[in-house]
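Visitor: There's a structure below that I have some questions on.
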Amino acid sequence: MTKAKTGTIVSALALLASVGWAEARTVCYVTAADAHAYATPANEALEARAEELGIEVITLSQNFDVQTGTQQLNTCIARNADGIILWPLDPQAYIPGLARAQQAEIPAILINSPMDEQANQFILSFTGPDVYEQGGMAADSLTDVLGGEGSVVVIAGQAGNGTTIGRVGGFVDRLAEIDSKIEVLDTVNADFDQQKALVVSRDLITRFGDGIDGVYANDDTMARGFIDAWKEARPGEPMPPIVGINGQRDAFESIKSGEMYSTIVQSPVEDGKLAIETMARILDGQEVGARLPIPLTVVTKANVDSVEPAF
Amino acid sequence: MTVLVRLVRYRVAVILGLTLLIASLTVSGFPSVTTLGLGLDRSATIGIIAIGMTVLLIARQIDLSVGSTFALAGITAIMLQPVIGIWPAALAGVLAGAAAGAFNGLLSVVFRVNALVATLATMLIFRSVAHWLTDSQPVPGTDIMLSLALSTVHLEIFTLRSALFVGSILLLHFWLTRTVAGRNLFAVGSNADAAEASGIAPGRTVFLAFVFAGTLAGVAGVLQSLTTNTGSPVFGAELIVTVIAAVVVGGTRIEGGRGSALGTLGGVLTIAALTTAMEFQSVPAYIQQVVVGLILILLVVLDRTVRPGPRTHAAAGVPG
């Protein structure tokens, strides 16, 4: 009788504990997209690491639409998640949502892309690559290969996206800083999309042709678009040196074959893992740094065989 | 059969009820006042634009440019803030929406360009103007505190814009069902020639419908920009599909002459409830769109096959 009673109490406690544990650790993850060369492996890494840490993740995909994302923040709050990881696609638009999360005492961090300083009071941390630094590294790389002068075109990501702003801004600022003789002919948006990059590259090649001494693409996907456009418009002619970012596998192939000059490895796996690990520490009541970067490596033909591609 | 017909007539309410019921039973934490309040807020943007779209569809017109107008109005309202102050700038944003609508109306009525083609063109033009004005960068507003104030939830349910949406849809219901102008709109949509013969000016009606739709897209855009403290050239790029889906789910016909405000309210709420419920369960975005698409098809097919309805409406206007 007593034994049965104890057993009941123990199992009741176990049940309570398991319910409490399950409820205590639900993280709402508002990601940029769910089918994208960079975002998908980052999402998968985040979810896999969350499972190891015993955290349940609700993944909501904005599909690159800011409007959707601001609404999804509301869903996270209504769902009463224990933490929010936001992949911002705009430097301002999510601030009211983040403020609302703060009112509801839900801790929030940013993954991958930065927001404006005004957002800082509503977030505990920002984990992800330093995109501004990447822009600078890309400028250095292009300076190296061009010998410090020439005319280049910039194929930028989605307008207004923090990653785009950082990667373009870091690039332009570094060129100004070293008083470079490299001139930017034009900067066009291709939304991190290979097909759009192909279309804008055709236009750039038609407009500037041989005037293009170098190309800076905000990511390797768009660099691929330029390569295809060049091959189509000027088959057999030497390609201007192209600098990309992300370090994807096909960019490594292009560097080996000489179609691309360099890329910067930024691992989506590290990106996703760092975000959920940071959130786990917050949920455990630990202090976290306000800015947690992931490592970056410039890859050229010189080291392409010794570095692992990001994805 | 009568039961079936009745079910079909109120199919939006049935689908909405089913969605809410299933979501409440299967999704933990779904049935709560917070969910309702935030769900209404998310419907507000789509809903305010859908009001204008309902009127246009009834008049047998369409406006594909509402998403671009939405962005343009928001940008106007934010960019003019430092120049003329927040509220005059907001008004200017709404007027920009009205002007965009008037331009569409002009193309459609005076130059007789098919509405689909005209607004497809202006969709591209307005979007490009938005990019050009902002240099493709989002523009921050001057007062972040205002956006925090605007997103406050009152009475645990309404934000400013969701209250505005619900209020407007009731006004639209009254206007469509109780006023001569509202009935004229249906007449123009069913058969413009017959309407003209009976003394209604279809051109004027259609023109005003475009201005109305543009203005509401402007209102939604200004509210969105004030709430997010940002004027962005990429805002509203995905809106049009959802808006049309919501209106059509609500039983308004793309062929004109039939539709209702309460139907649109039901359509907007159905899509918001479906999306929220699926987000609660972390259903991937592409599956969500498949579900919304299937429901759209289901409702339209039901409408076509079951309803014995007065399909002769248009024919009745032609003598002989």
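Glycine is treated like the rest: Cβ placed from N, Cα and C.
OK, TrEMBL features for this one:
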TRANSMEM  B:12-30  transmembrane segment
TRANSMEM  B:42-59  transmembrane segment
TRANSMEM  B:64-80  transmembrane segment
TRANSMEM  B:86-106  transmembrane segment
TRANSMEM  B:113-133  transmembrane segment
TRANSMEM  B:153-176  transmembrane segment
TRANSMEM  B:206-226  transmembrane segment
TRANSMEM  B:232-249  transmembrane segment
TRANSMEM  B:261-280  transmembrane segment
TRANSMEM  B:286-302  transmembrane segment
Visitor: For the transmembrane segment (B:42-59), which partner among B:113-133, B:153-176, B:206-226, B:232-249, B:261-280 gives the most CB pairs under 8 Å?
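Guide: It is B:206-226 that shares the most Cβ pairs under 8 Å with the transmembrane segment (B:42-59).
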Visitor: Please indicate, using numbers and ranges, the residues of the same chain that are 6 or more beyond the transmembrane segment (B:153-176) and have a C-beta under 8 Å from a C-beta there.
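Guide: Non-local partners: 33-34, 36-38, 40-41, 43-45, 47-48, 51, 54-55, 58, 182, 185-186, 216, 219-220, 223, 227, 259-262, 264-265, 268.
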Visitor: Given the cut-off of 8 Å on Cβ pairs that are 6 or more apart in sequence, determine whether the transmembrane segment (B:113-133) and the transmembrane segment (B:64-80) share at least 3 such pairs.
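Guide: Answer yes: the transmembrane segment (B:113-133) meets the transmembrane segment (B:64-80) with 3 or more Cβ pairs below 8 Å.
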Visitor: Does the transmembrane segment (B:12-30) come close to the transmembrane segment (B:64-80), meaning at least 3 CB pairs under 8 Å for residues 6 or more apart?
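Guide: Between the transmembrane segment (B:64-80) and the transmembrane segment (B:12-30), contact is absent.
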Visitor: Counting only CB pairs under 8 A, let me know which of B:86-106, B:206-226, B:232-249, B:261-280, B:286-302 has the most with the transmembrane segment (B:12-30).
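Guide: That would be B:261-280.
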Visitor: Of the listed stretches B:86-106, B:206-226, B:232-249, B:286-302, which one has the most C-beta pairs under 8 A with the transmembrane segment (B:261-280)?
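Guide: It is B:232-249, which has the most Cβ pairs under 8 Å.
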Visitor: Under 8 Å between C-beta atoms and at least six residues away from its ends: which parts of the chain pack against the transmembrane segment (B:286-302)?
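Guide: Contacts with the transmembrane segment (B:286-302): 8, 11-12, 15, 245, 248-249, 251, 270-271, 274-275, 278-279.
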Visitor: List, by number or range, the same-chain residues at least 6 past the transmembrane segment (B:206-226) whose CB is under 8 A from its CB atoms?
Guide: 44-45, 48-49, 51-53, 55-56, 59, 61, 63, 66-67, 69-78, 86, 90, 93-106, 108-109, 141, 146-147, 150, 160-161, 164, 168, 185, 188, 232, 235-236
